[in-house]
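Novice: If you look up TrEMBL, you'll see Ser46, Gly47, Ala48, Cys123, Gly124, Arg158, Glu188, Asn210, Ile211, Thr212, Arg241, Arg270 marked as substrate binding site. According to TrEMBL, the Mg(2+) binding site annotation covers Asp86, Asp88.
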Amino acid sequence: MTEQSSAGRRFRDAVADERPLQVVGAINAYSALLAERAGFRALYVSGAGVANASYGLPDLGITQLADVVEDVRRITDATRTPVLVDIDTGFGGAFSVARTVRELTRAGAAAVHIEDQVQAKRCGHRPGKELVSTAEMVDRVKAAVDARTDPELVVMARTDARASEGLEAAVERAEAYVEAGADMVFAEAMHSLDDIRAFTDRVPVPVLANITEFGKTPYFTVEELREAGAGLVLYPLSAFRAMSRAAEAVYGAIRADGTQERVLDRMQTREELYEVLGYHDYERKLDELFGRDGRTGGGQR
Ligand SMILES: C[C@](O)(C(=O)O)[C@H](CC(=O)O)C(=O)O
Ligand SMILES: [Mg+2]
């Protein structure tokens, strides 16, 4: 990996090096830093995460391209770890899909996944999903592939067909999407390792298994997924769910007790925060620049 390598190249390298590549959701730049420190080689910007965490909205196709781009840019500014981005249905017709791909590449995305649901999409693990035809999704994939400005940007095609059309139809769709140029496939809402195996046996590109919590897919281990041939495994919202639970506990305790003492052990300390941010290096830089022990220079006042 060279300094010049594109984000897409870094993502492809990570997929080649780690099987299956663990891809973990980060809802903001600070979470991205934490994930990186934990050793993950790829990050994820979840559509549900943008909707839920950044806008307080459900994952029902309400957020738009600009909302996703903003979150992606903040994360890619903070880390060089490649980022897979959920672009839902691509935010419109062929030219809109192309614009989505270009904007996200500019924002530093390494990979995008586009799905075959209708524009008024649902979460992949909820009932009531409707799909566009295979032909329409093939057009989406072609538009996305054609719009690449980083030739190594990964275009991943997601199929939600398992729920409404069954496993065989879902695999056939995936094959058609790969034929149309998709670099990788996202097999959504698999019920079993055999489901995953059905994809990996027939689809000639890396297949992602989405191990989101409280959904349709059991919590398969990396080892089990490797045996089933998965190329990537996604944990889109795990940290967000845990952060939310911790926040509930802290808000509740402060409100009930009139002090935070009972929940201090749930908090990262100031020193730990600074460690992650490299805060002291910034301070040293100030001292170096302005040489005023502890006092800031004119530019910082
Ligand atoms: C992966 C996903 O598309 C997301 O936006 O994170 C969601 C995750 C979830 O709702 O748990 C999905 O699977 O539809
Ligand atoms: Mg999503």
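The backbone N, Cα and C atoms fix where each Cβ goes, and this holds for glycine too.
TrEMBL annotations: computationally assigned, not manually curated.
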Novice: Taking the Cβ of Ser46 (substrate binding site) as reference, which residues of that chain separated by at least 6 in sequence fall under 8 Å from it?
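Specialist: Those within reach of Ser46 (substrate binding site), by Cβ under 8 Å and sequence separation of 6 or more, are Gly25, Ile27, Asp86, Pro236, Leu237, Phe240.
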Novice: Any of the binding-site residues Asp86, Asp88, Gly124, Ile211, Arg241 with a C-beta atom under 6 A from ligand 1? Give them in order, or none.
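Specialist: Checking each Cβ against ligand 1, the ones under 6 Å are Asp86, Gly124.
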Novice: Among the binding-site residues Ala48, Asp86, Glu188, Ile211, Arg241, which have a Cβ atom lying under 6 Å from any atom of ligand 2?
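Specialist: Only Ala48, Asp86 qualify.
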Novice: Just jot down the residues in the same chain as Arg241 (substrate binding site), at least 6 apart in sequence, with C-beta under 8 A of its C-beta; none if empty.
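Specialist: Arg241 (substrate binding site) has long-range Cβ partners Glu213.
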Novice: Just counting, how many other CB atoms are there within 10 A of the CB of Ile211 (substrate binding site)?
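Specialist: I count 21 other Cβ atoms within 10 Å of it.
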Novice: Which is it, of Ala48, Asp86, Asp88, Gly124, Glu188: the one of these binding-site residues whose Cβ has the most other Cβ atoms within 10 Å?
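Specialist: Counting Cβ neighbours within 10 Å, the top one is Glu188.
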Novice: Return one of helix, strand or coil for Glu188 (substrate binding site), based on DSSP.
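Specialist: Assignment for Glu188 (substrate binding site) reads coil.
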Novice: DSSP three-state call for Asp86 (Mg(2+) binding site): helix, strand or coil?
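Specialist: SS state of Asp86 (Mg(2+) binding site) = strand.
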